[in-house]
Each structure stands twice: as structure tokens, then as C-alpha cells.
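Accompanying notes for the structure given below.
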Amino acid sequence: MSERESWHKEIDLFLVAMGYFTRIPMPKWVEADSDKLNKASRYFGLVGLLVGLLSAIVFWLTQNWLPAGVSVLLAMLVGVLLTGGFHEDGLADTFDGFGGGWTAEDKLRIMKDSRLGSYGALALMLALLLKWQLLVELALYDPVVAGSALIVAHTVSRMVSASIIFSEKYVRDDETSKSKPLSQHQGINELLILIASGVLVLLFLKGLAALSLLLVMIGLRRLIIVIFRRQIGGYTGDTLGAAQQIAEIVCYFVLLVVGNIL
């Protein structure tokens with residue numbers, strides 16, 4: 001394969017990842033199949049970087065003219081519009097399943113139900129409120145830090161979520177599931193590129209903040225995996241969405257705590 005063909009392949013995989021995780025229209029020549037989607041997992045972090053960057057730009061453009069809370073809300077709205085609430089939906093389904101089911105089979109069945117239950121509604125409401133409050137506090141501390149936090153959290157949280165594919169078992173047998181292609185083994189190349197995207201954005205942060213966030217994310221990933229194994233024996237697309245949302249919130253929390261210490 002020539003260098004030009006290699007670059008074209010990587011661009012194609014990035015666009016496949018962006019088409020899967022966002023509502024941004026893709027060129028007609030971009031075709032996603034199971035193999036491409038599996039390999040495109042290497043670029044899930046970069047998709048988060050794009051979403052976070054656009055959200056941060058909206059925040060930075062409005063924060064001089066609007067109250068911090070409104071600017072943060074607009075930035076969050078941009079993120080939801082770009083992704084279609086894809087990960088938030090996974091969070092709600094996961095909490096409905098984990099909260100309402102007794103056995104792994106019950107939990108998977110409930111998670112498949114498109115209706116929103118009480119556990120999911122509570123999780124979604126609390127997650128959005130937490131993100132808003134943490135970002136407002138970061139904005140009041142320093143608007144530059146708040147915008148950087150959006151970029152970092154959207155990227156790193158997707159790195160944590162997608163890296164679960166590498167070590168864990170996909171537990172759904174439904175061939176029609178949108179996440180079924182992700183059940184294929186994630187190669188070491190996909191994992192390394194994914195990790196590189198997460199580490200790259202840490203350059204937005206000061207040394208102590210970057211190191212603290214990296215260590216917390218490593219521990220959080222392990223904790224999430226333990227919970228998923230105990231609850232359903234592995235992961236599904238919904239639980240990956242939940243992992244992303246949880247990791248994003250923890251990112252904001254860590255950056256706020258470290259910022260106050262500094």
C-alpha cells in the first residue's frame with residue numbers, strides 16, 4: 001500500500017468514526033462496514049476532540065456577553081446536538097438495566113427497551129446537572145480553563161470508554177445491534193492510537209493537573225470494568241456510553257479540585 005493510499009485509508013476510518021458518533025453529515029463516498037467500524041475505534045478520541053473543541057469555541061465566544069451558566073449551557077447543547085445525545089442515551093439505558101434487573105439477562109433485556117425508566121431518568125438528570133455545575137465553577141475560576149476542560153474531558157472520556165473494547169467481552173448476541181461491530185477484538189494499533197489522542201490533549205493542562213487526571217482515569221477505567229463484569233459479565237454499546245459520561249464528569253471534577261489546590 002502506497003503512502004497516499006495509507007493516508008486515504010486513515011482519513012476514511014476517521015470519517016467512519018465521526019459518522020458513527022456524531023450527526024455531522026459525511027461524504028457519500030464514506031462507507032461503513034463492520035470491519036471499518038471496528039478499526040475506526042482508534043479515532044474515537046479524536047471525535048471527542050472535535051466535539052469538545054466546537055463546544056469550547058461556543059463557550060469562549062459567548063462567555064464575555066452572557067452569564068457563565070448560560071454560556072456553559074450553550075456549550076453543553078452544542079455537544080448534545082453534535083452527538084445526538086448518543087452517550088447520554090447509553091447512560092440512561094445502563095442505569096435502567098443495572099437498577100431494575102436482578103440477573104444479567106434481565107439487565108440486558110431492560111437496557112434494550114427504548115423506554116426511559118426512573119433509574120435512567122434520575123441518572124440523566126443528575127449527570128447533566130453535575131456537568132453544568134462543575135463547568136460553571138470552572139468558568140468562574142478561569143474561562144480559559146473551562147474551555148480547555150471541555151476539550152480534554154470530551155477526548156479523554158472517549159479514550160477511557162473505547163479502551164474497554166480492548167480487554168473486555170461484548171455480551172450481546174443481537175446481530176442487529178448498532179454496536180455489534182465493536183464486539184470484534186480491538187487491535188494493539190487501535191489501542192495505541194486511541195491512547196495517543198488522549199495523552200495529546202493533556203498538553204492543554206498544567207503538569208500536576210495532567211498527571212492527576214491521567215492517574216484518576218486509569219483507576220476509573222479499572223473500577224468501571226469491575227462494575228460491568230459484576231453486573232453483566234462484560235460490556236455493551238450502552239455501557240460504553242455510560243462509561244464515557246461518567247469519565248467526562250470525573251474529568252471536570254478532577255480539574256476543578258486540582259485548580260483549587262493550585
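Just so it is clear, glycine is given a Cβ too, placed from its N, Cα and C backbone atoms.
From a predicted model like this one, the values you see are computed outputs, not experimental measurements.
Some features that Swiss-Prot has for this protein:
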- 43-63: transmembrane segment (TRANSMEM)
- 66-86: transmembrane segment (TRANSMEM)
- 120-140: transmembrane segment (TRANSMEM)
- 146-166: transmembrane segment (TRANSMEM)
- 191-211: transmembrane segment (TRANSMEM)
- 242-262: transmembrane segment (TRANSMEM)
Residue numbers, six or more beyond the limits of the transmembrane segment (43-63), whose CB comes under 8 Å of its CB atoms: 13-14, 17-18, 21-22, 70-72, 74-76, 78-79, 82-83, 139, 143, 146-148, 150-159, 161-162, 193-194, 197-198, 201
Remote residues contacting the transmembrane segment (242-262) - C-beta distance under 8 A, at least 6 residues beyond either end: 87-88, 90-91, 93-95, 127, 130-131, 134-135, 137-138, 141-142, 145, 149, 152-154, 156-158, 160-161, 164, 205-206, 208-209, 212-213, 216-217, 220-221, 224, 228, 235
